[in-house]
């Protein structure tokens, strides 16, 4: 073998080479040949607030910031979950010297004292994380109940936690907003309601006239006070539900601004099979949707009104001649210039063989008897214009917009 010449006074560290897998007995007999694993690096300190480890110098920088963060988070909690300021432990050995191990143990116990048990599963969390956990934690039906887990936790908690800390693990009190129906804390709700009402008025003014509603009034039960929290929440939620509007097709209830979005995809159920046409993609109107627009714009419906709740008429919509999507009579004039600009940008990126001529807006033909234009004929012409821009796939024959055709062809394979 080769001989390595080393400097005087330096030794190469010894290593253990395992030629075959050894049993526990063989390992113990040859333990003098095994490498020595050094112990954990000394000098680390545990933070008495969060329980994390830091270097002996870093801990002095971390603790003031951690305490400041603790105060901020503690103030955000409900009053029944706020804790007294944790005190930094000062353990000393019998001879008066500083004992790192005892200090770390006391700091760890101090950080664990900040935790509160979940009433469902018994696991412990920091108070600001406990409400987040309880949103997804469900009590087990065959378990012994939260009272049993609470009792176990109370026995296992350090003495620094008082009985009030264990009791405060319940879910914080929440109140329901009478406008949007969401839950808020007792202090957050007075801040939220004025902003929510202002947002409501802005959205309500943007709706078609037939969907606009009167300003919701705060329930008398909530304003008078004296009622229980459950009664106040029930009255507020009923106020919120009273603002919902049923869909003309499926009778599900929605907020008026969401009803318009829902009805774009909600189809009228008929006994006859629906007409299947080419896929336009990107929300483009199909033939069955176009028939729905005609029925809606003319105020007629193919569904019998028997056993149907009172419904609000859906606003008139116009089809974009570029993308084939539906828009309100005022929105279409804002949308079309932007849609045409987007069309030019996408068309210029396509290969030359897929680039198309600029689509032309159909002419509006006035009805001589009334002086108004025929909306059904306009929507039909706009839909035909959008459909004319589709390109068939040379493999499966389905039609797509040119920018979507290239994406489709990546996964389209000829049938064997």
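For all residues, glycine too, the Cβ spot is worked out from N, Cα and C.
Of the candidate ranges 2-26, 27-51, 52-76, 77-101, TrEMBL annotates residues 77-101 with the feature region 'Disordered'.
In TrEMBL, the feature region 'Disordered' is placed on 132-164, out of the ranges 132-164, 165-197. The predicted model assigns the domain 'C2HC/C3H-type' (389-416) a mean pLDDT of 82. For the domain 'C2HC/C3H-type' (43-72), residue counts in helix, strand and coil come to 15 helix, 4 strand, 11 coil, using DSSP.
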